[in-house]
Each structure stands twice: as structure tokens, then as C-alpha cells.
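Reviewing the structure listed below.
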Amino acid sequence: MKFALTGGGTGGHLSIAKALAIELEKQGIEAIYLGSTYGQDKEWFENSPLFSERYFFNTQGVVNKSFFKKIGSLFLQAKAAFKAKEILKKHQITHTISVGGFSAGPASFASLLNKIPLYIHEQNAIKGSLNRYLSPKAKAVFSSYAFKDKGHHVLTSYPVQNAFFDFARTRTEIKHILFLGGSQGAKAINEFALLNAPKLTKQGIKITHICGPNSYEQVRFFYQELGLLDKIELFAFHNNITEVMHRADLCVSRAGASSVWELCANGLPTIFIPYPFASNNHQYYNVLEFEKENLCYVAPQNELLPKKLFEVIRKLNQKDDQGNKNLTAISNQLQQKIAKDGAKTIIETILSA
């Protein structure tokens, strides 16, 4: 038995691949990885000991490109698919798991050509174009969101790494706010943090701001101009995000699926600012169910004003009829919404098929 993991491009897809690879390693199952030279795949897995072999193809996405660029991208995908076909045959792969993203294309199609069972994990509430096409052909499609289109869909807990559960806690007071710009940085969140920082620090609320490497120098300059650089924690990125989340009582974040469920596992109440240009507006739909259940706050980017933060803080500090703060109730309910060992459940479901 030997698995191939494929897909990525961005941290959200790749974090799922990593969680699944860790689980395969725990069960003593060998795995290889097939991704792209474009995006973050090599950065994550080029030297990863989780895989016995790693392959990166010269491929790019097809969505949001001009007609001629789409043709070029499709040609690269097809060329890579035939290479992947030989690689899967060489390694005698018995199962392929796609975590989505454009870099999953070659190995997914190669698996179908080689008649290798293909399993898909769809991280978002709205499927990407590749997964929409492949779902009816896959052995199973795992997701934390309910889908009604064609395909064998299996509802599972999101494969969040156990550290997010281990560092979870119930929040009782807002003393520390985390502004999470993500690995790519988020201009809207960075500006929102800077606009609110003077009032927050004046009220004695601590700030941790992860602004992204491309924005670090500019954001640092503005904090310095505000005279706040020595009063806040500013990082381009952070290697121990679980520890950072653990210290925070409220978060401001984009709504990529991995971030949403990691914050959920940590029990950290969050104001989500969905990236408005995400394909099919999927970031908004990632948190729609949470919003309907009053488990988060959603602020559209085009309606984002500094006062929104303090409106949310006031609401979180309000108490219900039993005298419990909304902050505490939400924090508790978030921890109950997601179960541990999502990756283990997915792998065991595949092995028992």
C-alpha cells in the first residue's frame, strides 16, 4: 500500500496535505507528493521527511486568465499529467488524495487514467473548478461543509493539527487582540489594525499583529510614526501560530477555510473579513454557517470601519440571561463545533473502503 498526496498552491490546501501526511506516517504508510513549482508547494514540501519522494511540475492555474493564457496553462497541465501517470505507475501507488488547488490537476487526472482510486478533500464551502469536475469521478469527497452536487460526499471534521486543540482555552475577558494578516499579508487587516491601535493600547489591550513579509517594513514604519512600536507585537510571520492564538482573546482574520477551523478548534472568537476577490466569494461562504449560529462576526471589506471593532467588543462583553458573557459562550461553542483527529478519520475511512 502506497499513497500519493497532491495539490496545494496556498497554505490552506498545503496544511491539509501536511495533516494527512502526518497521519499516514503515524500509521506506517509510505507516501509521495506531487505538486507545482508555482505557488508554495516547494516551500512546504521540497525537503519534507513526510514523503519518500517529491515531484514538482511546471504548472499554473487556469481560472481568471485570458483565453490564450488558459490554453497555455491547460497544455502545461496535460503535459504534467502524462509525467504524473508514469510516476504513479513507477511507485505502484494504490491510493491518491487530492487536497485541491491547481497543482492537484496532473496527479488527479493521472490517477483516473491509471485506475487508481482518487479521494478528494474540499476545504471550502464552495468547490473550486477542478474539484467540481473531479467530484463525480472520485471514490469519495471529504469536506466539513455539506454538498448536494454529484459525487460521494463524506462529512468529516476538518483536518486541523492537534496543536490547535491542545492550545485551546475558553475566553473570559478581552485583554489581547490578534490581527492575522496571513502568509500573503492582507492590506485591509493591516490598515484596520493601525487605525484601531491607538485606542486599543490606550485602553490597555495588548496587540499582536502578523502582517505578512511583504508588508512588514511599511507596517512597522506606521507603528513607529504612531509611537506604538514598543507597545505592540509585530511579526512578518510566526512559526508558532498555536501559541500566538492561545494568548489572544479576540482575532481579526481573513476567512480561508484552514484559518476558520483552526480558530474554531482554538476557541478563539473572531471578526472575519472575507477576501472579496476569492473565487466564487468562497471565503464569505466559509463562515456563513458560523455567522448564522452567532459564532463569529463578519465584516465585508468594503464596509470596514474602525468603529466595527469596538462594536464587536461591546457585544462580546454583554451578558446573557444566566450572566455569562457572549465572549465566553462563543468560545465554548466554537470548541464543541469541531472534533479532534479529522485527518485520522479521513485516512481510516479510506483504508476501510
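Keep in mind that glycine also has a Cβ here, set from the backbone N, Cα and C atoms.
Around ASN124 (UDP-N-acetyl-alpha-D-glucosamine binding site), taking its Cβ as the centre, 25 other Cβ atoms fall within 10 Å, counting all chains. The annotation UDP-N-acetyl-alpha-D-glucosamine binding site is assigned in Swiss-Prot to THR10, GLY11, GLY12, ASN124, SER183, GLN283.
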(request) Quick one: among the binding-site residues THR10, GLN283, which has the most Cβ atoms sitting within 10 Å of its own Cβ? (result) GLN283
(message) I need the most crowded of these binding-site residues: GLY11, GLY12. Count other C-beta atoms within 10 angstroms of each C-beta and give me the top one.
(response) GLY12
